[in-house]
Each structure stands twice: as C-alpha cells, then as structure tokens.
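Features of the protein shown, as given by TrEMBL:
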type	residues	note
REPEAT	95-129	repeat 'PPR'
REPEAT	227-261	repeat 'PPR'
REPEAT	364-394	repeat 'PPR'
REPEAT	395-429	repeat 'PPR'
REPEAT	497-531	repeat 'PPR'
DOMAIN	712-804	domain 'DYW'
Amino acid sequence: MQNAAAAMAAAARPAAIAAAAGSSDYYARLLQLCQTAANPSAGRAIHAHAIKAGLLVSAYLCNNLLSYYSGAGVCGGSFGDARRLFEEIPAARRNVFTWNTLLSMYAKSGRLADARTVFAEMPERDAVSWTIMVVGLNRAGHFWEAVKTFLDMVGEGLTPTQFTLTNVLSSCAATEARGIGRKVHSFVVKLGLSSYVPVANSVLNMYGKFGDAETAKAVFDRMPVHSLSSWNSMVSLYARQGRMDLAVSMFENMEERSIVSWNAVIAGYNQNGLDGTALKFFSRMLSDSSMEPDVFTATSVLSSCANLRTLKMGKQMHSYILRVGIPYSGQNQMTNALISMYAKSGSVETARKIMDQAVISDLNVISFTALLEGYVKLGDMKQAREIFDVMNNRDVIAWTAMIVGYQQNGQNDEAMELFRSMIKSGPDPNSYTLAAILSACASLACLDYGKQIHCKAIRSLQEQSVSVSNAIITMYARSGNVTLARRVFDRICWRKETVTWTSMIVSLAQHGLGEAAVGLFEEMVRVGVKPDRITYIGVFSACTHAGFVDKGKAYYEQMRNEHGITPEMSHYACMVDLLARAGLLTEAQEFIQQMHVAPDAIVWGSLLSACRVQKDAELAELAAEKLLSIDPDNGGAYSALANVYSACGRWNDAARIWKLKKDKAVKKETGFSWTHLHNKVHVFGADDVLHPQRDAIYKKAAEMWEEIKKAGFVPDLNSVLHDVDDELKEELLSRHSEKLAIAFGLISTPEKTTLRIMKNLRVCNDCHMAIKFISKVVKREIIVRDATRFHHFRDGFCSCKDYW
C-alpha cells in the first residue's frame with residue numbers, strides 16, 4: 001500500500017515521471033501497483049499521463065491498462081472504460097492476452113452473453129481463452145455448456161490446465177454426466193495430474209456426486225496426499241448412501257476435522273431416519289470439539305427434533321441460534337426447519353409466528369405442509385386451509401394432507417370438493433390421496449363417485465396399493481354394495497394382508513351376512529394369514545347377528561390362547577352382546593363380573609340393549625344404573641330403559657323414565673339421514689323444512705304413509721318420546737329423517753332403482769317396520785346404514801331379521 005501511495009504521488013508530478021523514466025514499462029508497473037491498491041482514480045491519472053507522454057503505442061502498456069480497467073470493472077463497475085480502451089487499441093496491437101483480458105472481465109462478472117460474443121470474435125484462442133469460458137459457464141450454473149465447451153477445446157487439440165479440469169469435473173458432477181466424467185478422469189491420469197490435490201479432490205467429489213462409492217474410494221486410496229476436503233468428500237458420500245458405519249469409520253480416522261465433517265455425519269443420521277443418533281452425535285460435537293454449529297448443523301438438528309417430536313431440545317436449538325447469532329432471517333433452510341420442528345412438535349402457534357415473520361416465497365412446501373398438518377391435528381381446518389391457500393407450488397403431499405385433514409375431521413364434502421379441484425388443476429393423486437377420498441366416499445355413501453375413483457385407481461395402477469384396495473372394499477361395503485366389495489376382494493387374493501381380510505369380514509358382518517363372514521375368517525386362518533384384534537371384533541359381530549354363540553365363545557378362546565391377543569374393552573362388549581342377544585343374560589352378567597377391567601359404558605350399553613329384546617326389566621335397571629353412573633348424560637340409557645319397560649307393558653315406569661330424562665334436561669343426539677344423488681349429498685332432519693324440494697318430499701311422504709297403512713302397517717306410537725296426542729305422534733313418525741330421505745329418493749330416481757340411505761343413529765322400531773312395508777309397496781330395494789349395521793329391505797323383509 002505504501003509503494004502504491006508513493007507511485008500515485010509520483011503520478012501527480014509529470015515532470016518527475018518524465019525525468020525518472022521514458023519507457024512504458026514504468027507506467028505498467030505503476031498500474032500493477034494501483035491494481036493492488038484497488039484505486040480507480042489513480043489508475044485513470046496514470047492513463048492520462050501515459051497518453052500525454054505518447055506511450056500508448058506499446059502493446060504491453062495497453063494490455064496492462066486493459067487489465068487494470070477490467071479488474072476495476074469486476075469490483076467497481078468500469079466495464080465501459082475497459083471496452084472503450086479495447087476499441088481504441090489498434091487491431092494490429094491486440095494479441096491473445098488483450099482478448100483474454102476482455103473475455104475474463106465479462107466471464108467473471110457473469111455477463112455470459114457478452115463473453116460469448118467476445119469469444120466468437122477472437123481471431124485466435126489459446127488454452128487460457130477456453131479455460132476462461134469453461135470456468136465462467138460452470139460458475140454461472142451453465143453446466144452442460146461448460147462440458148460442451150471443454151469438449152470443443154479438446155477437439156481443437158489444446159491441453160486443458162489444472163484449473164480447466166477442476167471446473168469441468170464440477171460441471172460433470174452437477175449434471176451427472178458419468179460417461180464424460182470418466183473421460184475427463186482419463187485426461188487427468190494421462191496428464192499426470194492425479195497427484196495434484198485440487199484436481200484429485202474434484203475427481204473424488206465427482207464420483208461422490210455420482211454415488212459411485214467404490215471408484216471414489218479407489219481414487220481416495222491412490223491419492224498420495226489427503227486434504228481435509230478429500231476426507232470430507234468420502235464421509236459425505238457414505239453418509240448420503242446410508243452407509244453410516246463406513247462414514248463414521250472414515251470420520252474417526254481423520255486427523256483433522258472441520259464443521260463440514262461433523263455436519264456430514266449428523267445430516268447422514270438425520271436423512272437415514274436415525275434421528276436419535278444424530279442428536280447424540282451433535283452432543284458429542286459440542287462436548288468433544290471446539291466447533292461452533294453453523295446453519296447446516298442447526299438445520300439437521302432441527303429436522304431430527306421435528307421427526308422425534310422433541311420440542312424441548314428443538315427450543316434449546318432455537319435459543320442457541322438466537323444466542324450465538326446464527327442468522328436465519330435470510331436462511332431459507334433454517335426458517336423452514338424451525339417451522340417444521342415447531343409444527344410437528346405440537347407448537348403450531350409458534351410455527352405460525354415464524355412463518356408470518358418470513359418471506360412467503362422463501363418457504364418450501366415441506367414447512368408449509370408441516371404447519372398444515374399441525375392445524376389438522378388440532379382440528380382447526382380453517383387455519384389449515386389458510387396455510388394451504390397461500391402455498392406456492394403445492395405438491396401431492398400438501399394436497400393429500402389437506403384432503404386427509406378434511407376426511408379425518410368429518411368434513412367429507414369439503415374433502416371431495418378439494419379432490420375435484422386437485423383433479424382439475426393439481427398434481428396427480430397418489431395412493432394416500434385415493435385412499436383418503438375413498439374413505440370420504442364411504443362415509444357419505446357416494447357409490448357412484450366412489451366407482452369413478454375406483455376406475456381412476458385402476459387406470460393409474462394405484463389399485464395395486466394395499467391401502468387403496470382396502471379403501472375400495474370399505475367404500476363399496478359402506479355404500480351398501482357388499483357384492484362389489486367381495487368382487488374386489490376376490491380379485492386381489494394373491495396379495496391379501498390381514499387388514500384386507502379384516503375389511504371384508506367386518507363388511508360382511510355389518511351387512512348381516514354372519515355365516516359368510518365366519519366362513520371367510522375360517523379361510524383366512526386356513527391359508528395362514530394371522531388375524532388381529534380388529535379381525536376378531538368383526539368375527540364376534542358376525543357371530544352375534546348370526547346367533548353363533550358356541551363359535552363366538554370358541555373364537556374368544558382362540559384369540560387369547562392361539563394368537564396371544566389380550567382382550568380389550570371392544571372384545572368384552574362384543575361377547576356381552578353375543579351372549580345377551582342369544583338370551584343368555586345370566587351368563588352375560590357373569591362374564592362382566594369376570595372381566596379383568598372395570599366395564600365401560602359400551603359394555604353396559606350392550607347388555608341394556610339386549611334386555612329390551614329379552615324383556616328383562618330387572619337386569620335392564622341394573623345395566624342402566626351402571627351406565628348412568630359412568631355417563632350421567634347418556635340419553636340412550638334413558639331411552640333404552642324406557643323401551644324395556646314399554647316392551648314389558650310397564651307403561652307407568654316408562655313414563656317415569658321419560659319424565660326423569662326431561663327433568664334432568666338430558667339431551668338426545670339429533671338424528672339425521674342423508675342420501676347421495678346426482679353428485680350431491682342431501683341431508684334431512686326429522687320434520688325437515690329446509691330442503692328446496694320440501695313440498696314435493698312431504699307430499700310423497702304423506703302418500704307413502706297412507707299406502708303402507710293400507711297394506712297393514714301399524715305405527716309404533718311408543719317410538720315418539722314426546723307427550724302429545726296420538727294423531728300428532730303419528731304425524732311426527734311419518735316425518736322421521738329416514739322416511740323423508742326415502743321420499744326424496746322415490747321422486748328423484750327411476751323406478752326399480754335401489755335407494756341407499758344413511759343415518760347417524762340407530763334406526764327406530766317404527767321406521768324399521770315402515771321401511772319393510774315401503775320396500776314391498778314400491779317394489780324397490782332400500783338399503784339403510786344406521787349407526788351399527790346395514791339393513792337391506794326387500795319385498796317386506798329386512799336382512800337383519802328384525803334383530804338389530
């Protein structure tokens with residue numbers, strides 16, 4: 001700097017310069033000193049004095065001036081000065097160095113269009129010219145063009161330099177140009193540069209990017225000197241491949257380590273699902289080394305905390321980031337990792353605050369999806385949808401997360417609407433998407449739309465997925481078409497798993513096909529598929545509705561003794577239901593007393609329901625008392641006990657229970673029914689007045705009511721729980737939600753069409769009897785799915801045989 005200052009001072013005194021030197025060499029040395037000092041104004045002063053001295057006839061001085069201006073251009077924006085000087089140099093005095101200087105200025109600054117123009121205009125090119133282009137293209141990310149330029153250079157017969165080779169090897173690695181990369185490696189060997197550490201490291205890094213660990217290791221073993229970069233390349237390669245034993249072995253053999261070394265191992269554990277080990281290795285880094293975590297360390301640690309849902313350690317990492325000042329406001333990776341960690345660990349609001357402080361365009365789909373799923377778990381679908389709507393480049397995972405969220409939170413209509421949008425403008429659905437939307441179709445009993453999804457699954461080969469095929473079976477079964485469900489089941493017999501067999505067994509049981517369900521279970525055991533706890537729930541249900549008491553008992557013992565499944569409350573409830581419905585109330589009561597856990601409301605509820613069928617008021621009182629001690633607001637207990645009294649002819653007791661229920665202000669769950677027609681779900685409540693076709697529906701319901709009464713139907717006035725006169729009771733019965741849904745179906749579909757009605761509660765006695773008569777009068781099959789099972793009404797009979 002002192003020499004440069006002296007030179008600049010001298011440049012300010014023309015007389016002194018003229019006296020000291022009359023040649024251009026002196027000015028060239030001054031320019032070189034000015035370049036070191038990075039002082040543009042001093043360089044211009046020297047340029048001016050050289051012009052006055054008439055020294056610009058020297059090609060050497062002109063090249064130094066051009067080199068000065070082009071260097072200043074990269075740092076200070078003197079591109080115009082350099083270009084003007086180049087144009088002022090006579091063509092006769094421009095040599096390769098002159099052209100290369102201008103070319104380098106444009107290439108280093110990323111002005112590749114200008115660099116290409118200069119390169120094309122050059123009358124002569126040397127190895128430096130080609131290298132400048134290769135380096136510029138590689139650094140700008142134009143990897144394929146860099147490789148092509150290198151090949152053209154070799155085709156011209158020029159020998160690449162070490163710098164050329166390191167850059168073209170980098171481009172080969174970036175584009176995974178394996179064939180060309182191996183040829184470049186041959187050049188390295190032929191030129192005797194294998195021992196030159198920067199080139200050898202580039203070869204090693206290239207094979208590492210290719211994932212060719214064997215060749216990379218061979219290159220590493222042949223290197224006479226291993227730099228820190230060499231070791232890090234091998235550790236990173238093994239870690240990326242999941243070969244953590246080899247990665248750690250290389251790491252332990254390193255004499256010197258950098259933060260890159262530690263990051264490679266921590267990231268390797270994280271990316272290979274070994275998050276606990278990643279955190280332990282991070283703790284070792286803090287205790288055994290002097291390394292300070294950087295943004296890459298923090299990102300991997302936060303990712304492991306997110307996967308393990310370890311909010312405490314995630315907060316500690318966040319505090320560390322803030323304490324030591326690791327910047328993350330401009331670090332996309334860090335911000336995304338923090339959002340994912342907090343969202344996955346249940347601290348959704350903190351994740352949202354970080355997102356609100358970030359630039360939306362900096363966030364990736366992974367962090368958005370983690371936040372979305374966090375709101376879904378909380379059941380806050382409004383917030384989840386807000387996150388979904390602001391996402392850019394939503395991938396199939398984000399769409400699926402939103403659809404699954406709607407479906408799991410009972411918003412099946414919204415799930416189906418979003419799925420339709422996905423088909424129109426989103427990515428192709430994957431197996432998880434299809435399984436979720438099929439579940440939504442099953443819940444709404446949208447058979448026609450479910451068939452369309454099934455066709456899409458077949459066309460996209462997604463039907464082969466276990467989750468999709470099981471969802472298809474369930475969709476058909478829950479939509480009332482158990483025949484199609486069985487057809488799908490039989491077609492995938494070659495890859496059935498436990499869950500597939502279970503889906504079909506449960507479906508058959510729910511449709512009252514107990515014998516078929518039991519037969520399928522026997523076949524399942526015979527072919528060696530092991531049943532699980534849910535399988536046995538389906539089998540017990542089948543035995544209950546088919547009256548197979550002895551088989552049910554045998555399966556209960558088989559479940560415990562042969563398959564080692566410890567009975568759960570749902571199994572106990574099934575067995576109580578099996579025994580009680582078969583009239584074995586005493587045995588059912590003894591079974592409850594022998595249970596290893598205290599019976600819950602479901603167990604007592606099963607016994608109470610059976611007491612109605614068996615007209616055992618005394619046991620019903622006990623069951624109701626136990627049930628209400630567990631769940632005082634259970635309106636079903638009051639209703640069931642009152643029904644038992646009514647069935648036994650104890651009207652005063654029944655009235656007392658209804659009054660007790662009213663006095664305690666116990667509310668009954670609102671009942672509603674729905675049917676899916678013309679791509680729309682139509683929902684009806686009792687005495688519904690909201691449907692746009694209400695007048696036509698009520699007219700049809702009234703006609704239907706009169707027709708079945710003429711056919712011999714007698715309304716069950718005891719099913720009305722209100723203290724009103726018989727005429728009003730009958731009117732209320734005629735407008736139960738399932739009857740209105742059937743009336744709507746009759747006026748909206750062609751004759752002989754099967755009607756499919758869904759109900760959220762158990763169908764009442766009056767409706768059950770009425771629908772049997774309706775099916776006979778209108779000559780249609782009517783399938784009703786209530787809270788517990790399916791009822792197939794045909795020609796005046798029900799598949800449940802009046803035992804539900």
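Counting starts with 1 at the first residue shown.
Backbone N, Cα and C define each Cβ position, glycine as well.
It should be emphasised that the depicted structure is a prediction, and the values quoted were computed from it without experimental measurement.
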DSSP residue counts for the repeat 'PPR' (95-129), split into helix, strand and coil: 26 helix, 0 strand, 9 coil
Intrachain residues whose Cβ lies under 8 Å of the repeat 'PPR' (497-531), provided they are six or more past its termini: 466, 469-470, 473-474, 477-478, 482, 485-486, 489, 537-539, 541-548, 551, 555, 559, 563, 789-792, 799-801
Average model confidence [pLDDT] within the repeat 'PPR' (364-394): 88
Positions on the same chain near the repeat 'PPR' (227-261), where near means CB under 8 A and six or more residues out: 197, 200-201, 204-205, 207-208, 211, 213, 216-217, 220, 267-269, 271-272, 274, 277, 289, 291-294, 296-297
Residue distribution over DSSP helix, strand and coil in the repeat 'PPR' (227-261): 26 helix, 0 strand, 9 coil
The repeat 'PPR' (497-531), counted residue by residue under DSSP: helix, strand, coil: 26 helix, 0 strand, 9 coil
Number of helical, extended and coil residues in the domain 'DYW' (712-804), per DSSP: 38 helix, 16 strand, 39 coil
